[in-house]
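K.L.:
Have a look at the structure that comes next, please.
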Amino acid sequence: MATAHQPVMRDEVIRLVDPRPGDFIVDSTAGGGGYSLAFAAKVGPQGLVLALDYDRRAVDRLNKLHQEQGLENLLMAEANFRYLEEAVKSHCPEFWGKAAGIVFDLGLSSDQLQDENLAMSFQSDGALNMNIANQGPNAYDLINFRTEKELADIFFRFGEERNSRRIARAIKEARQKKKIRTAAELARIVSFVQPPSRRLHPATRVFQALRIAVNDELGNLSAALAPAVRCLRPGGVIAVVSYHSLEDRIVKIFFRQKSRISDGPEPALRLLTKKPLVPAAAEIKNNPRARSAKLRAAIRIINTHD
């Protein structure tokens, strides 16, 4: 059950969080464990890393590593970071308000992209799914049962797709003949009506929009940021790696609001990255999926734990 995932900007994240022996760290998106294992090595046997993921396969993979390597300072929990506060208070309540660092890596892992059961890839012949937690409607349900207008709204809002109406109309016409069952079928329908691009696959924005809608990714992020700040100790760092403008905008606005004097008597955060950091050319060459990543970080500067 080895991971194919390469953590993006791991060195930059570790440098900004600057974990020390004995620290408590929350890896909100454990994925392949790249951040979690690096943090566990830094905090040592007296510290603790709580690794969260709502993808059970990722948690199982980390549990296996935990057993193989005897990582007593790594604690895994199957949880959506939307419920970060509940997860910390449930698994290690003594550390609430004492985190030295909380990290979010918002991108899909390579393991998820390659998982035929999720059918995230354009080439996948797996059944349309994209539902990481396997709870609630999946991509098949949206594509085959939402109205043409609802689909157009999803593609425009979550994928910033300019041809959303044309694509939604093509999907409606196609599913009237037969249900759209696989990711590859959907990609072909979109490609047929979408102007070609040298930079992106024609279905890129549609797939992004579906994934965001199915998993409520933007809602999860918006709900998680304030509790994450409350969980930090003064001097603790929150770091977020995002992969598209919708995610980055939420993080940017939140960090700016919390770092202004207008946020109560004192601002809660001080920005560590006035402009987002991006991967080095060498990392992008080695891991092309990192090319759209942006890293923002801020440090907790007052002690008010709601």
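Using the three backbone atoms N, Cα and C, a Cβ is placed for every residue, glycine included.
TrEMBL does not curate its annotations; it predicts them automatically.
Values in this document were obtained by computation on a predicted structure and should not be read as measured data.
This is the feature table in TrEMBL:
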{"type": "BINDING", "residues": "GLY33, GLY34, TYR35, ASP53, PHE81, ASP105, GLN112", "note": "S-adenosyl-L-methionine binding site"}
K.L.:
When DSSP is mapped onto helix/strand/coil, what comes out for GLY34 (S-adenosyl-L-methionine binding site)?
P.N.:
helix
K.L.:
Using all protein chains shown, find which of the binding-site residues GLY33, GLY34 scores highest when you count other CB atoms within 10 A of its CB.
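P.N.:
In terms of Cβ crowding, the pick is GLY33.
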K.L.:
My understanding is the cutoff is Cβ-Cβ under 8 Å with a sequence separation of 6 or more in the same chain; which residues meet that for ASP53 (S-adenosyl-L-methionine binding site)?
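P.N.:
Looking at Cβ-Cβ distances below 8 Å from ASP53 (S-adenosyl-L-methionine binding site), excluding near sequence neighbours, one finds THR29, ALA30, GLY31, VAL59, LEU62, MET76, GLU78, ALA79.
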K.L.:
Same chain only, sequence gap of 6 or more: which residues have a CB within under 8 Å of the CB of PHE81 (S-adenosyl-L-methionine binding site)?
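P.N.:
Set apart from PHE81 (S-adenosyl-L-methionine binding site) by at least 6 residues yet with Cβ under 8 Å, we have SER28, THR29, LEU52, TYR54, ALA87, PHE104, ASN220, ALA224, ALA228.
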K.L.:
So, three-state DSSP: helix, strand or coil for ASP53 (S-adenosyl-L-methionine binding site)?
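P.N.:
Going by the DSSP assignment, ASP53 (S-adenosyl-L-methionine binding site) falls within a strand, counted as strand.
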